[in-house]
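Working notes, beginning with the structure itself.
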Ligand code: ACM
């Protein structure tokens, strides 16, 4: 009797524990180093009294962002005074806590809540964990007893915003900072100047914002395609804007309170068309609208840049100051007498060295003011100046080179961290600059490439994503491009490699959609599209098909392999399957038995040319894919020409397949893609020739392109020649013309 009573109590208790924990959500992003959940629930008082170490008083104000905390009263603990044993306490760590210098700890139990850290940045991280937990709970005031010990993997956790291509109001920049803080970013890179507009008041040069902050067209693309002119503020067509120094200071203070450093970028020596329009005497030609580069041989250039930086330094206390350095067109310097004279005087052997000279002057200047220079990886050209930190954007190579040479590096490779890229099927998206960067690809990024020599890894300070706004004209659109990809990056920067898990991140992310909604963010919603990966197995002569979706449950996908439309009765997708014949696959996502997404349709070809040798009469260029096995490896390209199956040509294509013996040929096809933003076009025509000896070919047909070269959406076309009568041949030659002289991308020569 007794026994059974205590047993039932235990069970009841067990049920209680279970439901208490089930009510609490610990799906924190970025994933903390350690979370242990215990039995019991703590209720945060809405009128909260916080016992706080003196130093942490300003940081504690951030607790008002917690959705359950309505008001705060502080009880300040004087230095060296021990914290009481109970209550809501935010206190300085002591040696006995054994807490890392970059860590914070949170203990929630029957005595209350105790947050500890050594310093303010770590306290802020802890507070944002609490704020996030508040948003994640059904009842934000209730949280299960738990212990959290947490610290970041990288010290630099960055997000960038280009306000030159489209000006973004200060209220939005603050909102951006708000979200960054919740996800533990600590550096905001503000791209303030570029050809499309100068965005910061400079008192010594008021014309910069009277004229170069305004242009004739609101949308960058319209402006770019229609004369690229600046106008005075007040002109009926003037579009743009700028931040006063007071506003910029306000932002700096606002961000600093949230633990975020603001790094201003003032572009030089390139990307400065707007400066040259106002001060043409700083260009080589002396004429406005002639170039975007400063003349380096002109002393006035350095006078101007130093004067500008002097004001910038009074606004931005950041140790790092970004001076751009990317994509300068150096050809003007080659013929400019002033530049040539400087090169001679300084013994500079190339225009690369001339650029390096300019960067070095700025580096020395910034160092003399106690600051550090950051530049894009082009600052490596012509020799990297002593104190510079490199932002590696053209892949990781620049970063690897700089880190191995002992320079600090921030990784921002275009392949993984350019949030201006498409995030899903470009055919379904607002126009973007190009690229293809899915959430899981961002998540997969590791900022320390294998090529970094062991002891040099410390030079990788962290990673940053960039959002260039050429094709991102509104604040809502910025939100759409940045979230949730920024959440994936937050975990890349914070969580150790071993603790990262895409499946677990995707699961936790489901809880964060509610948070993003409560923050009123126009985030990119996970698509109901289905995508596929086909991998050909040469030994089995079959294809393994993997279907994917951004929804959490892939088993809601239904598919057919006979070309019929999928219905709720079709086969549910339970994992990769093998297909040993040619098939036409259709797949779609279903919710509550209703087909909710578009049908994905694709062909799987097991065709005659697989594994056969291809001779290239013209060579691929820049995009080798799988080199000379690409076009007959049985694998089709996907939505991105970066996916390793699309081979790129800048010449016409002229290739020959050797089938090794005479075969009966019914059909020859090649796929092409068009994406005119980055200059990828359909061929004008595809011609097919057959031969028995590989020397004399007979033409058997031509397929003419019918896709307009103005079509700006991502487009795919199978150029397919069906022979009226099957023909015998051993060799097949295919030529594809390149009338636009852009890129041709093709993935396979398909022969039946
Ligand atoms: C850059 O994207 N030009 C740094």
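Yeah, the Cβs are placed from backbone N, Cα and C, and that goes for glycine too.
TrEMBL annotations:
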- 327: active site, proton donor (ACT_SITE)
- 27-150: domain 'Beta-hexosaminidase bacterial type N-terminal' (DOMAIN)
- 154-496: domain 'Glycoside hydrolase family 20 catalytic' (DOMAIN)
- 541-593: domain 'GH29D-like beta-sandwich' (DOMAIN)
- 1-22: signal peptide (SIGNAL)
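Here the domain 'Beta-hexosaminidase bacterial type N-terminal' (27-150) has, by DSSP, the following mix of helix, strand and coil residues: 32 helix, 51 strand, 41 coil. Summed and averaged per residue, pLDDT over the domain 'Beta-hexosaminidase bacterial type N-terminal' (27-150) gives 96.
Residue 327 (active site, proton donor) carries neither a helix nor a strand DSSP state and counts as coil. The DSSP breakdown of the domain 'GH29D-like beta-sandwich' (541-593) into helical (H, G, I), extended (E, B) and coil residues amounts to 3 helix, 27 strand, 23 coil.
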